[in-house]
Structure formats: structure tokens, C-alpha cells
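Scroll down for the structure; my scribbles are underneath it.
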């Protein structure tokens, strides 16, 4: 009887617990629903009150601007482009706010007060309580998980933070395939989602969202933003002004760190831009224009922010580090140095990774001296430091600059010429105005970092730089270099300097053997009508090997192709060979007066507009077409002709081209 009562009591208790749990889950769900609605309202209020400052008083205008932005298709390589379609639910395009944050930011926007510094989330409740953070995946995609692990490893190498997969802690990051790339700012408690959706698969974007989760805000939201960049309010979508609001210590803390244009937390130069060809963010010093928006990885300053926040209790003794370095929490006997510096105390120039760099220490004097970089290649990393007496300034003039020019430099020469070496220097990959001058402050050195992205193509020669010290009686001239115009105190002239596209694919070699073969590739100068230094065409020798009997046998046929604009292809008349190989894909081009005229006209137009054939990529985009043809080979002169095939054609049989002789020991043809 007693056991039955125990069973009855247990059943009643279980039912009571189930009822209590259901009621509380329902209450939590209701609260979450209420929170979502309130948060959406607060986001709308932030956007509305920010837009009011620019004369926008209608919700419909804000909604129309959001719809217009969703239709934009250009990609600047940052989360801002990827998140256009989900921006209604995000702050600054990739941040999920909690209610407290949204309320405080709304107060800032309404008050309009800019009273302090902002970047890292203040308040102990938003800090992670452990240096080892639990994380998990909600998707089982191997490559996707591998890339996230790589980004977390990158943060571990630069900071004291560690990330442990599925370690059981309640507070954790959950990476999932959401719509776009976004995160909370700071620890929220419990499971905290970080969306790494399709299009977000880059180490820099993953690091960007993870640094948000660690408590960092966007760089361009700092109170001192306007000292370094200018927002072109006329170039952004209507109703998106709130994404450029500056805030106060109420919501964040800069931790006395300088503004960093190379931070992975900085917007790109075309964030929220209505036009792919226009910058919405313009750097005050135009040498930094291609520095902002990088997503290669966290900067030295980004890492220092995290280490100052979480890692200062690791090393008992703080070293006397130079040039903005600090005691490395991963090695307390060593300083962690800004890029380009090395040594225990960051007082030496970093070692270059290749002998051809010829980097190291240089001393400036009153005469011009020259630094010429080696040709740009994948992974190259060279460093130079130019020093001068403490009371002197150093003048720099770039003689040549030749890199893949892009909105954000992936391969570049970085110039650190300011006193503070913590921020990223000016990363230069595009032509500057002629005789451009960069001067440094008194009492500091100039650091040059020459870097080639791992995927860069060969064919760029890097840079040539002249330097000297200025004597007391010389006046320093700083040329102001704007993005589209060259400005002086007396005149304004249009900047006609252009930039080269990347090289196209190599053509097939003109000869299969014999030593005289060549192949070419081309690139384009843009924008149209501008001028670029150097040639649009590159050429190199190929197939130096001695011809064999197989190479020179009779009746051998070679395949070629004509590559030209599709509009030109449609106007040409093609005939076919009468042979077993005849098909729509293997043709001869009749050489008649009509075709010759059209070809010459097309060549002139191509040269005039400097069109660029980027291998098969543009063919896939239907702007460039190809037509295959066959011809007898080997031959010294290829003539495209219409003729009947002759049996027993005679072909040149020789081991080398005219003017070359065979070197049988090395199986090469050499020039006589």
C-alpha cells in the first residue's frame, strides 16, 4: 500500500513538473517573441531618427532605400555586400543587438552627443569569463568547418584566446549556415549564434564576426572617425545613414588605441554605396584608400585590443617593448611586434623571407637613394627600415608602382611613416600622382613592407622608391592625392592615371619546338581613356626543346583558335576545309577583302578601348567568342587560307628554327 502511494505521488509530481515546464517554455517563447518585436521596433527607431538628420521624415523613403539596396549586385568582398537582403534585422549590417544595446544606441542617436570613445563593448557582463571559449557547428560541411577552424586558429595565434570544440561549457558560440554573415557583440550567455552563410567563406569575414562576439564594434563607428575618413552621404542608399552613426563610452571603449584604417573591423570603401564605381567612404589621406575594408585577417591593432581586454593577467612582468609592441601573452619573454618589426623588444626590422628582397636597415642622407623591390610573386614578404637623425625628416618619392590594382590591396607595399606604428600603414597597390611625396614625422623611422598575396600572378615588377633626408632650409612639399583628382593650392587637374587589370591567360606557344617559340598575354588599362605605365602586352619564350622526327612528320595537323568579340565574330564569313577533320568547330577563315577590313577595324577598336581577354572567363560571360581552326605544322609562318587539301604536302623538316642551332646535350635550340 505504501509503495502504491509512492507511485501515485511520483506520477502527480511528474505531471506537475511537466505542466510547470510547459507553462514556463510558453512564457519564455512569449517573452522571446515580445523581445523580437521590441528589438525590431528599436532598430526602426534608430534608422528613422538617424535619417531625420538628413531631411528624411518618411518611413516609406527608408523602406524604399532598403529595397533599392537589396537589388544591388556588386560585391566589395565584405559582409556589407553579402547581407543586403537581411539588413532589415541587423544593425550596421552585420550586428544582432540585444535590447539593452539597442536602447542605449537609440539614446545616443537621439541626443546626438559625441562625448567619447567607442569600439570594444564595455561592462564586465559582456566579457567572456574564460579564455577558452566553447564552440560548435550546426552544419556538417567539411570545407566550411575547416575554414572556420582556420580562422579561429588565426585568432589564437595572435591572442591569448582559445577555442575548444564541444567542450561542454554552457556559454558557447554556435557557427551555422544562416542567411548572411552576422554576430552579437560581446558575450550574451548560453548558446550564441554566429552566422557564416553562403558568400561569407573567407578567413577575414569569419574573424570579423568572431571579434564581434568577443566584444569589438566596427572601427568606423569610433568618435574620432571624421579625423581619418569622410562619409559621402550622397553616395549611400536612402535610409541607411544609421549604419554610419558614431557612439560614446556608453556603449563601447577604444581602450586608448589609435584609429586603424587597416582593421578587419573597418567597413570597405563602397559600403552601402548606390554605385559600384563610387566610394561611400573616402580616406582623408588618399594613400590609405585601398587599405580600408581588408578581410585577409585581423590587424596588429585588432589583436592588441583583444589581448588588452582579456590577457593582461597572464604575464607577471611587462616588457619594455618599442614601436607600439607589447608583452606577448603567448610568450611572456617576447614582445609582440607590429608588422615589419622583430626582436625581443621590437627594436629591429623583421627578416625578409627571400634573398632577392635585399631588405634590412637603411640610412637616409642628403642624397637621393633608391629601393627597388624584386618582382612581385606569391607569398613574398620583404621589409626595409629607413632611419635618419632624430631631428630630421625623411622624404619619399615613388618612381614606379606596379601591382594588381584593386579597391582593397591584397598585394602591396605598406608604408609606415607616422610616429605611431600600431595602426596599419598605407597599403599602396595603385598608381599615385607623378612625383608623389610622402614625408614622415620628426623622430621616427620609415618602415616598408612589401607583400605578395598567395594567389597573385607573376608579371608585376613591384615598386621603385627614392628617399633622402630633408635639410633645415628645405621646404617639405606634401602632394594631396585624391581618388579622382589631383589637387594643389593653385590648380585642379584631372588625374588621367589608370590602373592595370590582372594578366590574361598565356596564348599557345607559336612553335611546338625549335627554340623560337613565343607566347603572349594581355591586360587592360582602366578606366577607359586613362593611361597606365608599361605595356599592355607581355611576351616570353617557350618550347625550346629540339624538334624530333615525330614533331616534324608529314601531314601533321595543329589546332588553333581565333578569339575576338562576339559582335565581330558574327560579321565574319567562315569556310571549312574539305577533310576528315571538317566540322563546325574546325574551320579556316577566308581571307577576302571584306574579312580583312572587318579584322582591321576590330583591331583598331580593341587597341583604342584596351579591351582585355581574360582567358575563358569572359567567353563564359558571352563578351568574347572563339572559333577553332586547324593548320599544317610545324611551320615558321602560319597563313590562314581556303584551299583544297593536297595529298603528300611537304612540310619543313628540321630540328631547329632558322637562325637557331641544336644543343643536343641539353636538348635545346639556341640562337646562332
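From the backbone N, Cα and C atoms, a Cβ is placed for every residue, glycine too.
Curation does not apply to TrEMBL; its annotations are automatic.
Positions annotated as active site by TrEMBL: 209. In the three-state DSSP classification, residue 209 (active site) falls within a helix. Note on residue 209 (active site): other Cβ atoms within 10 Å of its Cβ, all shown chains, come to 24.
Reduced to three states, the DSSP call for residue 218 (Zn(2+) binding site) is coil. For 208, 212, 218, the entry in TrEMBL reads Zn(2+) binding site.
According to TrEMBL, the feature disulfide bond maps to 160-315 (among others). DSSP gives residue 160 (disulfide bond) a coil state; it is part of no helix or strand. There are 19 other Cβ atoms within 10 Å of the Cβ belonging to residue 160 (disulfide bond).
For 311-321 (among others), the entry in TrEMBL reads disulfide bond. With a 10 A radius on its CB, residue 311 (disulfide bond) counts 20 other CB atoms from all the protein chains. Residue 311 (disulfide bond) falls within neither a helix nor a strand when secondary structure is assigned with DSSP, and so counts as coil.
Residues or ranges marked as disulfide bond by TrEMBL: 337-346 (among others). For residue 346 (disulfide bond), the number of other Cβ atoms no farther than 10 Å from its own Cβ, over all displayed protein chains, is 23.
Taken from TrEMBL, the feature domain 'Peptidase M12A' covers 119-316. Mean model confidence of the domain 'Peptidase M12A' (119-316) amounts to 94 (pLDDT, 0 to 100 scale).
Remote same-chain partners of the domain 'EGF-like' (307-347), defined as residues 6 or more beyond its termini with a Cβ less than 8 Å from a stretch Cβ, comprise 120, 127-128, 131, 157, 159-161, 214-215, 255, 257, 300, 383, 385, 414, 416, 420-422, 424, 447-449. Annotation comment: TrEMBL describes 307-347 as domain 'EGF-like'.
The domain 'CUB' annotation in TrEMBL covers 357-470.
As annotated by TrEMBL, signal peptide applies to 1-21.
Neighbour density for residue 321 (disulfide bond): within 10 A of its CB lie 21 other CB atoms from the protein chains shown. The Cβ centroid of 208, 212, 218 marks the Zn(2+) site; residues of that chain outside this set whose Cβ lies within 8 Å of it are 79, 94, 95, 183, 185, 209, 211, 216, 217, 264, 265, given in sequence order. Cβ contacts within 10 Å of residue 212 (Zn(2+) binding site), excluding its own Cβ and spanning all protein chains shown: 25. Annotation: 321 are the recorded positions among 160, 208, 209, 212, 218, 321 whose CA atoms are within 10 angstroms of the CA of residue 337 (disulfide bond). When Cα-Cα distances from residue 208 (Zn(2+) binding site) are compared across the disulfide-bonded residues 311, 315, 321, 346, the shortest belongs to 311. DSSP assigns residue 346 (disulfide bond) to coil in the three-state reduction, outside any helix or strand. Considering only the recorded positions 209, 212, 218, 311, 346, the residue whose Cα is spatially closest to the Cα of residue 160 (disulfide bond) is 311.
Cα-Cα distance from residue 218 (Zn(2+) binding site) to residue 311 (disulfide bond): 21 Å (rounded to the nearest whole number).
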